[in-house]
Amino acid sequence: MSEPIIDNVTDKVEKMEVKEKSKDAVPKEKKEKKSNKVQLKTPKGTQDYNPRQMTIREQVFDGIKQVFKRHGAVTIETPVFELKETLTGKYGEDSKLIYDLQDQGGEICSLRYDLTVPFARYVAMNGVLNIKRYHIARVYRRDNPIMTKGRFREFYQCDFDIAGTYDLMVPDAECLVMICEILEQVKVGAFQIKLNHRKLLDAIFAICGVPADKFRAICSAVDKLDKSPWDEVRKEMVEVKGLDETVADKIEKFVSLKDEPMKLLQHLRASGMCDGNKDATDALSQLETLFGYLECFGVTQHILFDLSLARGLDYYTGIIYEAVLTGQDRVGSIAAGGRYDGLVGMYGKKDVPAVGFSIGIERIFTILEDEYKKENKKIRENATQVFVVQMEKDLIKERLAIVSELWKAGINAEFSYKVNPKLPAQLNTADESNIPLIIIIGKSEVETNSLSVKTMHDRKQVSIERLNFTDKIKEILSTIPK
């Protein structure tokens, strides 16, 4: 057996700094010719993702999908662009951010702005009466990108929605529970879900004396309170939206209120601030039911009842919510959603009530990537479990046979593409790629019908029989720390 030889070789190799120069390198020309080539770059608000970034993304996507599937969701796919008329009038002031496509002499189309409106169109078009679906895909917005803060023009959204007629607030509560589960799963730190009711917000506007035709405009202004101080929002209401100053001051008394769910609910009832308004009474009753369910689910510690939460999208009709980080890395909303009972009815003859949310996945990616950089965490960019190495020349066919058996056994395996690779280069590849196991074959192993197997985390090496070796490899892999 050749174990001692391999140990000696690998020990020496591990101390060596392997530098291989390409024999095929082309010498630089003495004088560089002027090039007419265009500058290579990605469009504004977009970017490429390298293997390290994609590894993080795939891990996060997999974790989120686990939560979706645990709650019984199915997935669908919709076109990346929709008829412009499908998207028009659904996003309020944000409609200006929709990407319109150039007319090709046929249908006028726009890139999808989110995944909710295409979902509503799908439900109406296919006559779906109930569905619990998730959808992970790219969306597009003509926004002013701040890429360091996770804001792009092309980005992923992770959506979950429950469509169908169900008892009051039961699916709404499940959506909030799922947001908590997802944010805990991806480990972004402490978070809080701000929650309000669209019907309550409209009732507040009515109580304060906002004209009905200004509700949406004032709602859009209130929606900016998470980024701007009240004085700036008030100025917009009065000078831009044309609202009376006394009405704006009345609104402030409401939108400054935020507290634990049941505590603020009881305060609103005890103070009589909403007395005499049926919409407010109905909304508070619905919220009381919701808060009771959330208490049963054990997530009320994450919920903040916040009357300043507005959510600018026009299609919301019931509860609305937005998740934010409460630690140092404050990057805006990392999840948001609500109830939209009238959206499906805009496309079909029948209304199908719906509630759902979207995860701000790009912001989560930005946070996690920064974390990995700060802590200098190692990331395995591949899923390779075994690297097959040859000791001497003329063993390419033996290596191919071993790799083939590994693949057939469902084991992720790689090997060098050189016919006679150098041993140091092979070991270096396995080490740099963080591959947990190497199989080493030399002429001695061929003669004795055996294989040498080395676990990279502890550098231990054993000899196993060549016959039916894949079962033993699986056994060894199961003992390696993840």
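Note that Cβ sites are derived from N, Cα and C of the backbone, with glycine treated the same way.
Of all Cβ atoms in the shown protein chains, 24 besides its own fall within 10 Å of the Cβ of R311 (L-histidine binding site). In this structure, R311 (L-histidine binding site) belongs to neither helix nor strand by DSSP; it is coil. What TrEMBL lists as L-histidine binding site is D114, L115, T116, R141, Q157, D161, R311, Y315, Y316.
Taken from TrEMBL, the feature compositional bias 'Basic and acidic residues' covers 9-32.
According to TrEMBL, the domain 'Aminoacyl-transfer RNA synthetases class-II family profile' annotation covers 45-381.
Per TrEMBL, the feature region 'Disordered' maps to 1-49.
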Message = Within its own chain, what residues at least 6 apart in sequence put their Cβ under 8 Å from the Cβ of Q157 (L-histidine binding site), listed in sequence order?
response = D114, L115, H135, I136, A137, R138, V139, S358, I359, I361
Least surrounded among the binding-site residues, given as D114, T116, Y316, when other CB atoms within 10 Å are counted = D114
Inquiry  = Looking only at D114, L115, T116, R141, Q157, D161, R311, Y315, Y316, which the record lists for L-histidine, tell me the maximum pairwise CA distance in angstrom.
reply    = 21
